[in-house]
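As recorded in TrEMBL, the features of this protein are as follows:
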type	residues	note
TRANSMEM	79-101	transmembrane segment
DOMAIN	121-256	domain 'Peptidase S54 rhomboid'
TRANSMEM	136-156	transmembrane segment
TRANSMEM	163-181	transmembrane segment
TRANSMEM	187-205	transmembrane segment
TRANSMEM	214-232	transmembrane segment
TRANSMEM	238-258	transmembrane segment
TRANSMEM	265-285	transmembrane segment
Amino acid sequence: MDTERLPGCYRHPDRDTGISCARCDRPICPECMISASVGYQCPECVRGGSGTGHAAAANAPRTVAGGLVAADPQLITKILIGINVAVFLAAYAVPGLAVQLELLGRYVEYYGAPLEGVSTGQYHRLLTSVFLHVEWWHIFGNMVALWVIGGPLEAALGRSRYLVLYLLSGLGASALVYLLTAPNTPTLGASGAICGLLGATVVLARRLRYEMRPVLITLGLMLLVTFVPFGGGWSVSWQAHIGGLVTGALVALGLLAPVTGRRRILVQGAACAGVLLLALVVIMVRTAALT
C-alpha cells in the first residue's frame, strides 16, 4: 500500500521532516529548526527578526532543545572520535595502559598483587573504559556509528546538551556493567554511550513526529547484535548496551520536555542530575557489595 512521503527540509532535501517553520511554513529538519516562543522557526526567519543587544541574545538561533546553533554543528562528535582514536593509539604504544583504563569491578592479577578495580577506589575506569578500544574493527565500527548517530543528534540538541548526554550515557552503561557483570570481567568500548545516543534519537523522533521506521530498524539491529551470539571469539556486553540505551532515553526525555524559558533549563538540569544520582547510587551499592 502506498504511503505519502513527508516533505524534505528546505535546506537539506534528503532529510524528511514533519515540522515546518512557524513563520514561513518551510519544512525544517532538526539541524535547521530553532525553538521560538511558538513552535520552531528556520534560520532565515530568525535572522530576519533578530535585533541587537539583549534582544539579539534572546533571539539567537536555538536548537530544538534550547541550545545555541553552532557554526559547526558536529564539532563535539568530531572531538569525541578524535579522543577515541587517540586512546586507541596510546593503548598500543604504552604497554599496560589498556589494563589501567578498562572497566573491572574487582581483580587481582596474581597472588600477592594489589587489588585492582572500581571497588578499590579506581572510579576513573567507569569513564575511561568508554573511550578504550583494543581491536581495529571494534573502534572502526563504533566510530562509524558515533558519526552516523551522533552528528545529527548534536545538531538537534546543541553542543553542551549533547556532550552531557554522551557522558551520562557512558556512565549509565558502565554502572549497569559494574552492577551485573562478574567483577573480574574486563569491559571496554564506546558502544554503551552510542546506544545512549540511539535511545535519545528515538525520543527525538517521537517528539518531532518523525517517521519512526528507520529509527526502529536501527534499534532492532542494535538489539540483535546485543542478544544474538555470532561467534568469532568476541562477545557483546548487553549490560552496557541496555544501560546506555535506557540512560540516553531518560536524559533525552528531560532535554526535550515540552517546556520553554527558564522552566526548560530547570527541567533539563533536574533530569540530568536525577540520572547522574541514580548511576551513583548503583555504583555505591555495587561497591558496598564487593568490599
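Each residue, glycine too, has its Cβ placed from N, Cα and C.
For the domain 'Peptidase S54 rhomboid' (121-256), residue counts in helix, strand and coil come to 101 helix, 1 strand, 34 coil, using DSSP.
Using a Cβ-Cβ cut-off under 8 Å and counting only residues 6 or more beyond its ends in the same chain, the transmembrane segment (79-101) has close neighbours at 116, 124-125, 128-129, 131-134, 139, 142-143, 146-147, 150, 166, 186, 188, 190.
Per-stretch counts of Cβ pairs under 8 Å to the transmembrane segment (187-205) identify 238-258 as the leading one among 136-156, 163-181, 238-258, 265-285. Highlighted: of the candidate stretches 136-156, 163-181, 265-285, 163-181 has the greatest count of Cβ pairs under 8 Å to the transmembrane segment (238-258).
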